[in-house]
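Over in Swiss-Prot, the protein carries these features:
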type	residues	note
COMPBIAS	38-52	compositional bias 'Low complexity'
REGION	16-68	region 'Disordered'
REPEAT	75-109	repeat 'PPR 1'
REPEAT	145-175	repeat 'PPR 3'
REPEAT	176-212	repeat 'PPR 4'
REPEAT	213-247	repeat 'PPR 5'
REPEAT	248-282	repeat 'PPR 6'
REPEAT	283-309	repeat 'PPR 7'
REPEAT	452-482	repeat 'PPR 12'
REPEAT	483-517	repeat 'PPR 13'
REPEAT	518-552	repeat 'PPR 14'
REPEAT	553-583	repeat 'PPR 15'
REPEAT	584-618	repeat 'PPR 16'
REPEAT	655-689	repeat 'PPR 18'
TRANSIT	1-49	transit peptide
Amino acid sequence: MEVVSSLGIRDLPASLSVTTSLNHRPHRSDKDGAPAKSPIRPSRTRRPSTSPAKKPKPFRERDAFPSSLPLHSKNPYIIHRDIQIFARQNNLEVALTILDYLEQRGIPVNATTFSALLEACVRRKSLLHGKQVHVHIRINGLESNEFLRTKLVHMYTACGSVKDAQKVFDESTSSNVYSWNALLRGTVISGKKRYQDVLSTFTEMRELGVDLNVYSLSNVFKSFAGASALRQGLKTHALAIKNGLFNSVFLKTSLVDMYFKCGKVGLARRVFDEIVERDIVVWGAMIAGLAHNKRQWEALGLFRTMISEEKIYPNSVILTTILPVLGDVKALKLGKEVHAHVLKSKNYVEQPFVHSGLIDLYCKCGDMASGRRVFYGSKQRNAISWTALMSGYAANGRFDQALRSIVWMQQEGFRPDVVTIATVLPVCAELRAIKQGKEIHCYALKNLFLPNVSLVTSLMVMYSKCGVPEYPIRLFDRLEQRNVKAWTAMIDCYVENCDLRAGIEVFRLMLLSKHRPDSVTMGRVLTVCSDLKALKLGKELHGHILKKEFESIPFVSARIIKMYGKCGDLRSANFSFDAVAVKGSLTWTAIIEAYGCNELFRDAINCFEQMVSRGFTPNTFTFTAVLSICSQAGFVDEAYRFFNLMLRMYNLQPSEEHYSLVIELLNRCGRVEEAQRLAVMSSSSSLQT
């Protein structure tokens with residue numbers, strides 16, 4: 001099978017060498033076998049014209065303007081109204097044609113009409129049309145109008161031209177707070193890299209004695225949130241209190257968002273608790289912030305409180321936030337209630353992100369049938385819903401179906417976008433399908449998806465899992481704008497190829513760079529410390545985790561316990577376990593494994609019994625750890641009992657590893673008949689799945 005046809009992505013080369021396949025195309029041959037003429041015609045020498053130059057035609061109105069110019073009247077006020085209608089419809093081409101007509105006739109245009117046109121330019125992100133409107137404002141002598149000047153600043157920044165916005169702003173003789181706010185807002189919208197520009201503009205604003213309002217500070221808080229500038233955020237918080245602006249719910253919402261994005265959950269909660277009259281925007285910011293900081297259960301509790309106590313029902317923004325949270329914690333029952341609310345409201349059913357969120361929820365909860373039902377029940381499927389389905393297949397281990405979905409998606413007429421490609425690449429990694437992975441890489445290059453940090457990160461992981469370590473290094477070296485995920489992926493690449501010390505070196509280089517490790521990076525490096533038995537480095541990481549307040553994240557606390565256990569420091573492992581405020585299956589499994597690593601098998605079994613007696617629900621990983629300990633210690637009766645407990649009490653489907661651990665132990669202990677019976681069960685269950 002050819003590479004091109006394997007995924008259904010057409011016109012793709014078979015290897016990573018895209019330059020040849022995209023730029024070099026052989027010319028067609030004619031019937032006699034002679035090469036066809038080159039598509040690029042040779043330049044001909046242009047002879048000087050001897051004929052006299054033609055006189056330009058006189059200007060005629062019908063040549064410049066279409067005959068069907070949609071004017072209802074020659075009255076200027078009615079024409080202005082028509083332009084505003086076209087602006088609201090984002091039909092800038094027709095609106096600007098009418099403006100040209102008015103200019104030719106010498107009919108002036110008012111500021112309200114220009115304001116509507118500039119707003120349309122912002123909605124369409126059309127810098128070209130915005131500059132044309134700016135020219136007409138100058139022609140009409142309205143450039144000194146402060147209202148329009150503020151609108152122009154906002155238009156230029158929203159369309160990505162901060163330089164032009166600054167130029168318009170500097171030309172103003174008496175800039176008021178509104179034009180300053182427009183400049184601040186536009187600089188914030190233009191991205192994280194403009195944080196210093198926002199800070200310098202804000203400082204200049206204060207030095208000139210401009211009266212700050214809540215919108216000024218809100219824009220500054222948004223900039224600090226994007227750059228995680230906590231120190232500056234705290235100073236601005238104090239300034240807001242000093243200026244008596246902190247009673248605004250709008251400003252407090254921005255502050256909550258900033259503290260969450262800086263990782264300060266406690267400060268965000270304190271600000272939230274101070275708000276007396278909370279609207280849906282504040283609740284949404286709080287739920288999104290908790291979800292962003294991996295506090296899924298807290299986000300879920302707040303979501304319940306919002307509905308049951310405050311009687312505030314979720315909008316599409318909160319639904320888009322809470323659906324992934326429900327999937328992460330496997331809250332299928334509550335997820336179905338939310339789905340019922342979505343169906344009842346009828347406003348959110350066909351919204352792309354809500355629809356894909358429902359698919360993602362069911363798939364994460366292991367209910368693929370319901371996920372597929374939601375997907376195929378929609379009349380307006382798109383690339384977003386297809387990507388959600390692919391992600392669901394991958395999450396449930398159906399990697400072949402996930403890879404085939406990219407073909408089915410194209411058969412329905414949808415082209416894979418950046419998110420789709422980033423979803424499919426991990427599937428190629430799991431299947432070790434380097435051929436399809438290279439094809440997707442070529443597709444990304446051809447469609448100009450690269451350089452995209454998330455996509456490059458996925459490519460790095462795919463190549464490393466496929467056993468090609470030189471490609472991830474090359475991709476990482478060429479990446480100009482690295483982020484924390486790219487550094488973490490590079491660490492994973494070395495770990496995947498069993499070069500653990502190189503992974504630690506990459507981590508050290510990351511610390512020397514401007515990027516600071518997040519909870520995921522810390523978890524990865526803790527695993528490396530466990531495998532290397534590097535207790536000293538593990539303790540240093542533990543200190544860094546405490547400083548950053550990552551220890552409350554379940555998987556991080558579990559990795560700390562496991563690291564101490566594998567390094568033989570059981571005392572620190574127990575201390576770390578006791579320090580976890582809200583324990584779960586991850587932390588209990590980690591302490592069980594810590595006892596097992598130190599050959600304290602009976603203590604590990606007692607720990608498992610204690611976990612069950614306290615009402616905690618063991619998962620498949622917990623049973624893997626317990627059965628492995630029983631196998632090492634030769635506890636055959638306990639292993640058989642735990643295996644039955646897994647099946648009958650917790651309704652967990654045993655994996656091949658669970659079966660093999662118990663079967664091997666039974667054979668070792670001479671209980672051959674029971675082992676054979678279990679082997680038959682194993683084969684029948686594998687046939688059913």
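Along the chain as shown, residues are numbered 1 onward.
The backbone N, Cα and C atoms fix where each Cβ goes, and this holds for glycine too.
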*With DSSP helix as H/G/I and strand as E/B, how many residues of the repeat 'PPR 15' (553-583) fall in helix, strand and coil?*
23 helix, 0 strand, 8 coil
_Using Cβ atoms and a strict cutoff of less than 8 Å, what residues sit near the repeat 'PPR 6' (248-282) while being 6 or more residues removed from its termini?_
214, 217-218, 221-222, 224-226, 228-230, 233, 237, 240, 288-290, 292-293, 295, 310, 312, 314-315, 318, 548-549
*In the predicted model, what is the mean pLDDT computed over the repeat 'PPR 1' (75-109)?*
83
_Outside the repeat 'PPR 13' (483-517), six or more residues from its ends: residues with CB under 8 Å to it_ = 453-454, 456-457, 460-461, 463-465, 467, 469, 472-473, 476, 524-525, 527-528, 531-532, 534, 537, 544
_How about long-range neighbours of the repeat 'PPR 14' (518-552): same chain, 6 or more residues beyond its ends, C-beta under 8 Å?_
263-265, 294-295, 484-485, 487-488, 491-492, 495, 500-501, 503-504, 507, 510, 559-560, 562-564, 566-569, 572, 576, 579-582
*For the repeat 'PPR 7' (283-309), which stretch among 145-175, 213-247, 553-583, 584-618 has the most Cβ pairs under 8 A?*
553-583
